[in-house]
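Here is the structure we will look at, set down as structure tokens.
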């Protein structure tokens, strides 16, 4: 189960090294290396964020280390990317602690504050960080508007990054809010039958709405930050507000993909002894759904990747249609 996230982390580190060599050693990057102030921000801002995460027990030690790397990449590539990461982290940390007294009763691996480790961090932020590195390699360290005619790769990668973070933010809100809001049990996405709270692949009205709003907030954050930071001397570019709607779409789609994968490829069973949902078969466990092929980490990583691609594809066609 750990193989896919580990391979992805190694790919992320390798890509970061490649970018560094291109920008520093061979000096063949499309744009000059980041300015000193941006480099300072890329160290300072992630440091503050991971310190806060450790203090509030939102991150474990390993989660903080990987989180710093991802924060560095997101900040040095584009401050708009870091702003989205910041909103996702703060919002996710807040809702994770909300009504924690209820969550500890049905979550098998409940930890106070969340205490996300390196696996959880890479599976939630890894796709976005990889896209940020590709963005730097091809476009340098700067903020660019969504304009597929003038900045094709930057627009594709930016929309994909927003989609990846919107997916993870939407899924986090759906899980953390949907599990403790409402009086009735959720339904399984594959057969629409009522299941126990905490079942992989279960959805609720509150969770579905939360996933859309979470993605919408990521899209809004990118829109506002880019509106402030994009160089006004650049040529006129298309309207930018559709990225807000695309963020909401990505949050909803990512949550649904996550639920579908969870209901089919992730084992869920009810332990009659512990009275909660577990992720592996046992003599005291009654099977509910899925097979033990993936775990939460793999599901999050795959959902983020698929949603990222879908968001970029939809954005390209949206802006193309808008020009016509």
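Any Cβ shown, glycine's included, is placed from N, Cα and C.
Here the structure is a predicted model, which means the values were calculated and not measured.
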Segment assigned the feature transmembrane segment in TrEMBL (from 177-198, 243-264): 243-264
TrEMBL annotation (transmembrane segment) - matching range among 136-157, 202-223: 202-223
Per TrEMBL, the range holding transmembrane segment, considering 33-54, 99-120: 33-54
Tertiary contacts of the transmembrane segment (243-264) (same chain, 6+ residues out, Cβ under 8 Å): 146, 159, 162-164, 166-171, 173-174, 188-190, 200-203, 207-208, 211-220, 222-223, 289-291, 294, 296, 299-300, 302-304, 306-308, 310-311, 314-315, 318
Positions whose Cβ lies under 8 angstroms from the transmembrane segment (300-321), at least six residues beyond its ends: 4-5, 8, 120, 122-124, 126-128, 131, 146-148, 155-157, 159-164, 166-168, 171, 238, 242-243, 246, 249-250, 253-254, 257-258, 261, 294
Long-range Cβ neighbours of the transmembrane segment (33-54) (under 8 Å; 6 or more residues past either end): 23-24, 61, 63-65, 67-68, 70-72, 74-76, 79, 82, 86, 89, 93, 116, 141
Contact set, same chain, for the transmembrane segment (202-223): CB under 8 Å, 6 or more residues outside the stretch: 80-81, 83-84, 87-88, 91, 158, 162, 165-167, 169-175, 177-179, 181-182, 185-189, 195-196, 240-241, 243-252, 254-256, 259, 263
